[in-house]
Structure formats: C-alpha cells, structure tokens
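According to TrEMBL, the features are:
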BINDING   A:L7, A:G8, A:Y9, A:G10, A:V11, A:V12, A:G13, A:T14  NADP(+) binding site
DOMAIN    A:8-122  domain 'Aspartate/homoserine dehydrogenase NAD-binding'
BINDING   A:K98  NADPH binding site
DOMAIN    A:130-308  domain 'Homoserine dehydrogenase catalytic'
BINDING   A:E183  L-homoserine binding site
ACT_SITE  A:K198  active site, proton donor
There are 2 protein chains.
Amino acid sequence: MKKIAVLGYGVVGTGLIELIEKNKSKDEEAEIHVETILVKHKEKHLKKKLSDKITDSFEEVFSKDWDILVEVIGGINPAYQYVKKALSLGKHVVTANKDLIAEYGDELFQLAKDNRVSLKFEASVAGGIPIIKPLTESLSGNEIRSVKGIINGTTNFILSKMYEEGVEYEEALREAQVLGFAEANPDSDVLGYDAARKLAILSTLAFKKRVFWKDIDVEGITSIDSKDFAYAKRANCKIKLLSYSKKEENKVFASVKPVLIDSESDFYRVNNEVNSVIVSGDAVGELVFKGSGAGMLPTASAVYGDIIDLALNKNSIVINSFSEDKFNIESNLKEKVQSLIRIHTDNKENLIKELNGRFLTAEFIDIFDNEIGLLVDGYTEGEIEEGLILLKELSYVNNVKRILKVS
Amino acid sequence: MKKIAVLGYGVVGTGLIELIEKNKSKDEEAEIHVETILVKHKEKHLKKKLSDKITDSFEEVFSKDWDILVEVIGGINPAYQYVKKALSLGKHVVTANKDLIAEYGDELFQLAKDNRVSLKFEASVAGGIPIIKPLTESLSGNEIRSVKGIINGTTNFILSKMYEEGVEYEEALREAQVLGFAEANPDSDVLGYDAARKLAILSTLAFKKRVFWKDIDVEGITSIDSKDFAYAKRANCKIKLLSYSKKEENKVFASVKPVLIDSESDFYRVNNEVNSVIVSGDAVGELVFKGSGAGMLPTASAVYGDIIDLALNKNSIVINSFSEDKFNIESNLKEKVQSLIRIHTDNKENLIKELNGRFLTAEFIDIFDNEIGLLVDGYTEGEIEEGLILLKELSYVNNVKRILKVS
C-alpha cells in the first residue's frame, strides 16, 4: 500500500481519483491511499469525492505522511517549487506536466538521482498513449533515429475541422474553444510551443542528450487558410501540425510545423483530438502509437500507471539525458523533400514559364485567381528557399508561401 | 552487470548477440555479459560471434554461474524443461516463446511466483512492438474491453500478396516460403493456431483470467481465394486474418478468422509482415500499436528490453492471470455485424428474389458466373448462420461461404 499526496483537483486530478476509487481492492499489493489533495480554492471542491482530504495549505500537505507526490496542477509555478521540494525530501514524484519537464528536466532529474527517487512523467506527452515507457524501457537496445508525432490535440482538432468543414482558422478555433478543445488564450497550442515542449521531451529521451524546446524551429497553424486545404485536397493530403526530430551522427534536426500529410501516411487518419507518435529505431524499425492524447481519463490512465509502477517498487530507470549537453538543433532537413508552393501573381502565364525553368518536377494546381500552386519534389528545403527568394524578386510575384509535404 | 545464458543461436539469438555487442559500454549499470550459449550442433555456429561461449551440453549451461536464462529456441520441447529448471533454481527467465506461454503459462508463472523471480515474454507476441509491457504495466488503471490484432506475419504476407497480385493462395504461399516468411510446413500459421496462441496470451493479460488457446474458435486462410478478394475490392476492403477478443461482464468472446477490413480501419494499411494490435480500455479508450511483428532484430529488440529490465532490477509484476480459472469462450459475436456472403447457384434470378425477402439490407455484387455476392448489415452472426442454413436447402443453391466484415 502506498500513500500519495495529490496536487491539483482539476480535470486530470478528478479522473485520477476516479481511477483510484474504481481500482480499490483489485490488488492489495498495489493499493493506493490518497492522503491529501492540495487545491487553490477549497470551496470549489467540497462536493467532490474525498472532499475530507482537501486542503489549500501547501504546508499541511508536506506535514503529512505519504510516499509519492502526484503533481497534476500544470504550468511552471507553483508546480516547480512543490516538485523540487518533494524530490529534495526523498519522495517519488509523478507528474503530467510537460512544461515542467521540458523547462526544468535537467535540474529535476538530477535532483531525483541525487535523492535516489523516481520522477515519472508518462502523461506529459501524448496523454494516454504509453510512449515514455516504451521509449525509455522497451526500446533500450535501439539507437533511435527519428521521432515524429501529432502531439497537440488542439491544433489537430482545428485542422480537422478546417479540412472537414472548409471553414477558416478563426471559425475552427472558436468551435474548438466552445467544445473545450482550445483554451481562451490558445497561443501555446496554436503557435506550436506546446508541441515543441513535447517533442523536446521525446527527442531528449530518444537521442540521449538534451534537446531544449526553445531551440526547436516552431511554426504555428495561425496562417493556414482554406486555400491551403483546397490545394491539399487536390494533392490527396490533409494538413497536420507535425513535430519531427531526427538524429544523424551527432546532429539533430527538429521542427514543429504544419505539413501536408499524404493519404498513405499513418498520420492521415489521426483526426481531431487523437495523437500519434512514430518512433524509428535501428533494431525495431518503425513503431506507430496512436490514441487519446488528452482528456480526463486517458491522462489519468497514464498517471495511474506511473503510480502503480512506484507502488510495486518498479522504480524508473535513472534519466540522465536531460542533464547532458544540449544538442545544436538544425531546422532544415538536408534531404530531398516534397513541398507545396503557393505564389500570388498578376501574371500566371509568365510565372508558369519561369517555374517550369526553375523546378524540373513541378506539378501545377491552378484553382484560384491570381495565384498558382505547385508541388515540387526532389529538392532540399534549402534549395527551395533559395529558389523562392529569387522568385520573390520578379515584378509579377506578390507573395510566396511554402508547406512541406510528408508521405 | 548481469550474466546471461542464452538457449538457441538461430535467427533471434543471432540478433540478440548483435544487440548486446552493439550496446556494450553504453551503460555500465545495464551491462550484459553472455556467459554461455546452448546450441544443438556446435559445428554450425563456429564462425559466429562469441563462438567460444557455445556449448551443446545442457548440463554445462546449468553448471555455469549466470543470473538470467534467455530462451530463444522456440517450440515446446526442450524449451519447457529448460525454462522450468531455471525458474525452479530461482533464476529469471526471458523468453520469446509464444507456444510455451500459451500452453504452460499457468504452471510457469506460478513457478516464477513461488521462486520470487520474473518470467518475461515481451517478444512472444507481435515481435518488436511493445505490447506486453503496456498491457501489464501502463494500462493497469484500465478495465480492458477488447483486444484485436493482426499478429501473424506469415498469413498477412500471403494475404497482402493475394490482394496486390491477384494470385491464388497456393502461389502466394510459395512466394512466402521462398522469401522466408513461411515455413516448409506452414500449418501452424496458415491454419490460425499461431495467432490463436498469441491472442490467448494477450487476452489472458487483458481480461485477468485465463483464455486458453485451444478454446478459441479458429479459422485459417487456406480457403480464401482470388474471388473473395475480387468481392473485397468491390467493397473497398482487404482481407486480413483478424484475432479478436472481447469481454462483456463475465463472458469472453474470442476468435481468429479471415475478415474483410474496410479502408477506413487502422488495420487496412497493415501489410506484409507488419503486425498491429488495438487495445480498448475503459479509461484510455482505443490504443493502436503497429510495427515489425517478426524478424531477427525486431524480435531481439523486445528480448533485449526484457533483459535490461531485469538487469536494472525492474522485475516483472507478478502475473497471476494464467493461473486463474479459464474463461468459457464464445465464438460468435452477439452484436449486429456486416458480412460478405457468396452463394453458388444455377439460378441467379430466383436467388436474388429469395435473398431480397430474407435480408432487408442486402447489397448485391454480381461479378461472377453461377454465383452472387452480397453484403448484409444489421444481423448477428447467429441470425446470418440460421438464414444460410435455410438457403442451403433451396434446390438452386449449391454452396455458401461467409466472411465477416470489420470496419
């Protein structure tokens, strides 16, 4: 039997208490006893389960006797201080907090190591999908070559709506906000920072040296419009916010950006709030994981799994990768890629002639006035960018937009 | 540092030694030292790595000092005796052997428990895909509702060839044999027994009481022909050998059989030797896993992960489910399903009239002489079987074949 202190009684906390109550008496050895629950405003939670365990005093939490701190407040402060204190006191910590791990992973895992306790964080990336454990345990014989994922539910919901309903970004965002899939201030999601933090965590574990989230090239979805989707559909594609990192020798490429996803890709059918991660290892090859990336019970399921591991004394392996040197991150793929290019022009005829000379593999999509879409294949991102700089200098070219295509 | 004894130096054993050599000095704490390797014919392995560790004497293996027995011989005998002996001596065991776990899981896990050691078996189902660990550890807060999978690479390879190349079963089987995807005697794979053993293992872990493989209703792929594929293509489907189990209250349904898989299904793009498992839990919802189901390095990757767990003292949780009472297994789904029915007849006109009266939702596919295909929806398997019995009594009906459709 393990005693836990829970910090936060919001969506994930509520799901966790539900799972703990449901699983009571299933396995005596793995029984979890909730000793105390920290909340900000006690009066908000009086009708919930275990309301007698609720306190709004941080000191009271730390005055009680428990084995594991479960942090489901989210955000950096005050979660950071509480987690640090618990680890310093030699207590195990389970957290669902990607901000915390991405920002302070180096310090926190070192603290856990120094105090010989575990800091577990399965729920911090891709919600209910088991991905941290496979990456750190099951695949230990592999050199991981790449990690790619659809790991932000908010943007995937918005992009799915735009694809299905043909609406513009603003309308899809409002719908997501009404349904609770986007926050009132959606910046962290729609600008790609949330995905970058999660990609940083996965990449750090995969490549065994720190990939810092602020070093990742990030492009959000706010400039994706219905015309992009019109081109995408012509090319038999959807648009998804793809988080992608790749290691070659000692170099790491990492980026978060909206890309065209081909209908043959495993990501094509990852819609709405669903997440998916594809890990490529030198021994195992490509592994696909797909499931609920957020939500009360899926996230609680991951937190619960971490707690049970600790209850059964299956402590985490020591995570050293966050404390290692940082990788220098490259933001452009060196390999040949496919891209969709949209060029706004008042002279289509001249432009097409010019483009035919410039890109050998151009496939034109001519569906809108005053612009030309083209799919190019067989150039590196750098080569395409160079070409576009020259194009922009032409008098009849007004505007250029490029989206990578991933098959 | 842990010392291991490896039993078997075939495909998986060779991959394992390669991974151990490759990962040497990566992590001192998790270093694996190969103490001895048991083979049948020493002379066959003299040019391999670590040939100085090879012995053909079982007694010699057990006279040495090691911590973990790694069994990659396959088959029941002599693996069963060796594993039992190791567990009785208080040694951990890692095995890739689905036959052994499916057949003797009850006895072996009890023996492991009695001797306070771990019996690990990640590689026994779906090769390199981490599925045993997610099911037994990550999802511990969930009641698992169903498990479905494409978990036999041989049949999936054969069915993929039949779909892509329009060839008959015998030709696709020969191709699989030439390429090493099918054995000289392919019965265990093509008749569905291999998949049934794996489904039994997954279902036992998922539902926490034993599902015995011999109780599972099994139908192989040997009677699938090119006409079935012609109908499938018309219905926008492929044909796959689906292993499916489902728990409702205290009843378990389980079957292995070829089914039509709709193009919207996650299984539609699981081709050739690739495996995929979809687990549905009450908290987490549906989780999809996909990857290499067999092969030297993918399987070795799973075995290696198990060894490292033990090397880092992350022992398995005690697996009790195999020792519990057996479930009574039902073989027909009680829910309404879709089916493809092929009826051989010398009077199409009368038959269509008869069918229109019998199935309200029939959609006819008329592409061959002397037979009619129809897709029916909204009937249970039992209802359809009853209908087919009556149909068979009609003078102009010669033969009837039914394939379930899964969307």
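Placement of Cβ uses the backbone N, Cα and C atoms for every residue, glycine included.
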Surrounding the recorded NADP(+) site, with Cβ no more than 8 Å from the Cβ centroid of A:L7, A:G8, A:Y9, A:G10, A:V11, A:V12, A:G13, A:T14 and those residues left out, we find A:V6, A:G15, A:L16, A:V72, A:I73
The DSSP breakdown of the domain 'Aspartate/homoserine dehydrogenase NAD-binding' (A:8-122) into helix, strand and coil residues is 57 helix, 19 strand, 39 coil
The residue listed as 'active site, proton donor' and A:G8 (NADP(+) binding site), compared by Cα position, are separated in whole Å by 21
A:G10 (NADP(+) binding site) and A:E183 (L-homoserine binding site), compared by Cα position, are separated in whole Å by 15
Its Cβ having more other Cβ atoms within 10 Å than any other among the recorded positions A:K98, A:K198, the winner is A:K198
Here the Cα-Cα span from the residue listed as 'L-homoserine binding site' to A:V11 (NADP(+) binding site), rounded to a whole number of angstrom, reaches 14
Across every protein chain in view, the count of C-beta atoms other than its own within 10 A of the C-beta of A:V11 (NADP(+) binding site) is 17
The residue listed as 'NADPH binding site' sits from A:G13 (NADP(+) binding site) (Cα to Cα, rounded, in Å) at a distance of 16
Of the binding-site residues listed (A:L7, A:V12), the greatest number of other CB atoms within 10 A surrounds the CB of A:V12
What DSSP gives for A:K198 (active site, proton donor), in three states, is helix
Listed in sequence order, the residues of the same chain lying six or more positions from A:Y9 (NADP(+) binding site) whose CB sits under 8 Å from its CB are A:I17, A:I37, A:L38, A:V39, A:H45, A:K48, A:I54
Rounded to a whole number of Å, the separation of the Cα atoms of A:T14 (NADP(+) binding site) and A:K98 (NADPH binding site) comes to 19
Spacing of the two Cα atoms, A:L7 (NADP(+) binding site) and A:K98 (NADPH binding site), in whole angstrom, works out to 15
